[in-house]
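Feature annotations, reproduced from Swiss-Prot:
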type	residues	note
DOMAIN	3-132	domain 'Nudix hydrolase'
BINDING	T8, N33, F35, G36, G37, K38, W117, P118, D119, D120	2-oxo-dATP binding site
BINDING	T8, K23, N33, F35, G36, G37, K38, E52, E56, E100, W117, P118, D119, D120	8-oxo-dGTP binding site
BINDING	G36, E56, E100	Mg(2+) 1 binding site
MOTIF	37-58	motif 'Nudix box'
BINDING	E52, E55	Mg(2+) 2 binding site
Amino acid sequence: MSTSRLYTLVLVLQPQRVLLGMKKRGFGAGRWNGFGGKVQEGETIEDGAKRELLEESGLSVDTLHKVGHISFEFVGSPELMDVHIFSADHVHGTPTESEEMRPQWFQLDQIPFADLWPDDSYWFPLLLQKKKFCGHFKFQDQDTILSYSLREVDSF
């Protein structure tokens, strides 16, 4: 890996449900995911997460809770994706479809894991248990995990 790029991912969690967005275009199109993207130059990771949540879902948030940090490697790509994962429980506004994402609430026992990124089934249970985690996933392509490591951490 020659370079890495900072990304954010925000999961809006409320009692018994989570807000996911159907990615409509670009990388990961056709999958449900949290809200996030690239951190822009001059922006903190948390500010980038808040901006992406607002742009993609129409929701604003006062407080984010950092819950995870995962690096993603894709065979053939020189760039490592350095993803900082946050949860938000109190948001302002109503989820609104954007050019990039179509938000939808899911009951926690009905999360569509078959239509999420394959790695989500490994770390999402930790998120729902309010545990913090770090990891690395190596993908052959967007559907195939070659190897991974994942561990709980006490704090960031």
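Cβ atoms are placed via backbone N, Cα and C, with glycine included.
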Residues in the domain 'Nudix hydrolase' (3-132) grouped by DSSP into helix, strand and remaining coil: 28 helix, 57 strand, 45 coil
Distance check against E56 (8-oxo-dGTP binding site) for the binding-site residues T8, W117, D119, keeping those with Cα within 10 Å: none
Subset of binding-site residues (N33, F35, G36, G37, W117) lying within 10 A of E52 (Mg(2+) 2 binding site), CA to CA, in sequence order: F35, G36, G37
Output field, Mg(2+) 1 shell: CB within 8 Å of site CB centroid, site G36, E56, E100 dropped: G21, K23, F35, G37, E52, L53, E55, S57, S98, M101
Spatially closest candidate among T8, E55, E100, W117, D119, the listed binding-site residues, to K38 (8-oxo-dGTP binding site) (Cα to Cα): T8
Whole-number mean of pLDDT values that fall within the domain 'Nudix hydrolase' (3-132): 96
Distance, E55 (Mg(2+) 2 binding site) to F35 (2-oxo-dATP binding site) (CA atoms, angstrom): 9
Inter-residue Cα distance where the pair is W117 (2-oxo-dATP binding site) and N33 (8-oxo-dGTP binding site), in Å: 7
List of residues, in chain order, with Cβ under 8 A from that of W117 (2-oxo-dATP binding site) and at least 6 apart: G28, R31, N33, Q142
Cα proximity to G36 (8-oxo-dGTP binding site), best match among binding-site residues T8, E100, D119: T8
Which of E56, E100, the listed binding-site residues, has fewest other Cβ atoms within 10 Å: E100
Which listed residue (G36, G37) has most other Cβ within 10 Å, given these are binding-site residues: G36
For 8-oxo-dGTP, whose listed binding residues are T8, K23, N33, F35, G36, G37, K38, E52, E56, E100, W117, P118, D119, D120, the greatest C-alpha pairwise distance in Å: 22
